[in-house]
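Chemist: Annotations for this protein, taken from Swiss-Prot, read as follows:
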ACT_SITE  His19  active site, proton acceptor
BINDING   His19  anthocyanidin binding site
BINDING   Thr133, Gln333, His348, Trp351, Asn352, Ser353, Glu356, Asp372, Gln373  UDP-alpha-D-glucose binding site
Amino acid sequence: MLNGNKCHILLLPCPAQGHINPILQFGKRLASHNLLTTLVNTRFLSNSTKSEPGPVNIQCISDGFDPGGMNAAPSRRAYFDRPQSRSGQKHVGLIESLRSRGRPGACFGLRPVPLWAMNVAERSGLRSVAFFTQPCAVDTIYRHVWEGRIKVPVAEPVRLPGLPPLEPSDLPCVRNGFGRVVNPDLLPLRVNQHKNLDKADMMGRNSIYELEADLLDGSRLPLPVKSIGPTVPSTYLDNRIPSDSHYGFNLYTPDTTPYLDWLDSKAPNSVIYVSFGSLSSLSPDQTNEIASGLIATNKSFIWVVRTSELAKLPANFTQENASRGLVVTWCDQLDLLAHVATGCFVTHCGWNSTMEGVALGVPMVGVPQWSDQPMNAKYVEDVWKVGVRAKTYGKDFVRGEEFKRCVEEVMDGERSGKIRENAARWCKLAKDSVSEGGSSDKCIKEFIHQCCNDSKISLV
């Protein structure tokens, strides 16, 4: 505690749903320990969403792109490189305003790690904590690129302590050794996170110690690392946070189709759930192959196809397959993964989705697209052994017959029993990690002690 008041943690996420959700859940965990938590959101996102953050206070600030948010910037790099003085002054003003209202900051949590934010923390007398929302394995690759130990584009296999043998197609950012550029700003942004890391007081990771123990034990980073995941609502894990059944922040409106009632009518472990997240955009050819693969499995399915992607579906697909399949534009993924009827999760292997699949014990079929996804899919199949990764052919997309093979392998094949057994084991470990005395629970308590029982105030 500071000056007899509650310790106050400020959270500054990257303004995207996949980054806000985990840091918001972390904030709820901190609040459950009687800490004040404030998430700093942009005006654009606050105006675009109906948030229900629960015990976390929301404070809005202008990022200079109020009408359109990050997508209104010329590029991702331009957004994150916007003038330091402008961004820093606004955050210092917010910190001073909170301080004047009796809510002095204790810790500033950042994602990613911009230098201006580190300077804000220092000027305001706050601790700074770098919050990483991707797995340690992926950031290990970025760290080696930053240090010059891995040269891009990568053409040879990569062998590093603590990591499985990696081919260029397994590496993060984009496949084929960073060769197929989906977002030209992404690699520099990810790599340059490590530029300012030595200025942070601590690192928080949305991971589980048991998932990446070798890497975490062998970390060469110049600061303490705390694994605080999985950052999934408590209802699905330890149930220690009251009424915490949803993230409380959603840029998309869930489909009104009664998909849970539909699931209730299905047998246990019989339904394929397909979702490629909030950002991935499949080509029309890939969409067609997924559709043909689903038909070929002859199994019930729910497929999330965002409104912007519906035109890519084959003509009459929804109507012709209505007897055994649903197409919805958005849904509550946790509800689907937790349902007893769900037997397989076909996923792009974004880290949040991967962690949800692990935490809820659902076997996975990985169809990675870009960023960290290929490496996450590698771990799903070869390290944690909770699913399989679909192979690509020719035009770099997954054919329908390969999709069918993977689904059948996970749900009915020779390895399906072992995959389900592994999924159940990791599910238990995930729940144990955030339960009283678990690895993540201990890390969260250590984080609180270091941030709040010190004369220096902190910023996450």
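Including glycine, each Cβ sits where the backbone N, Cα and C put it.
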Chemist: If I restrict to non-local contacts, at least six residues apart, and a C-beta distance under 8 angstroms, what lies near Asn352 (UDP-alpha-D-glucose binding site) in its own chain?
Modeler: Gly18, Asn21, Pro22, Thr133, Gly277
Chemist: Return the residues near Gln373 (UDP-alpha-D-glucose binding site) by Cβ distance under 8 Å, restricted to its own chain and a separation of at least 6 in sequence.
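Modeler: Spatial neighbours, sequence-distant, of Gln373 (UDP-alpha-D-glucose binding site): Pro172, His348, Cys349, Gly350, Gly366.
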Chemist: Determine the Cβ neighbour count for Glu356 (UDP-alpha-D-glucose binding site): the number of other Cβ atoms within 10 Å of its Cβ.
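Modeler: The Cβ of Glu356 (UDP-alpha-D-glucose binding site) has 24 Cβ neighbours within 10 Å.
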Chemist: What is the Cβ neighbour count of His348 (UDP-alpha-D-glucose binding site) at a 10 Å cut-off, with all protein chains included?
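Modeler: His348 (UDP-alpha-D-glucose binding site) is surrounded by 23 other Cβ atoms within 10 Å.
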Chemist: Quick one, of the recorded positions His19, Thr133, which Cβ has the fewest other Cβ within 10 Å?
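Modeler: Comparing Cβ neighbours within 10 Å for the recorded positions His19, Thr133, His19 has the fewest.
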Chemist: What's the CA to CA span in angstrom from Glu356 (UDP-alpha-D-glucose binding site) over to His19 (active site, proton acceptor)?
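Modeler: Their Cα atoms are separated by 14 Å.
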Chemist: For Thr133 (UDP-alpha-D-glucose binding site), which of the three DSSP-derived states applies: helix, strand, or coil?
Modeler: coil
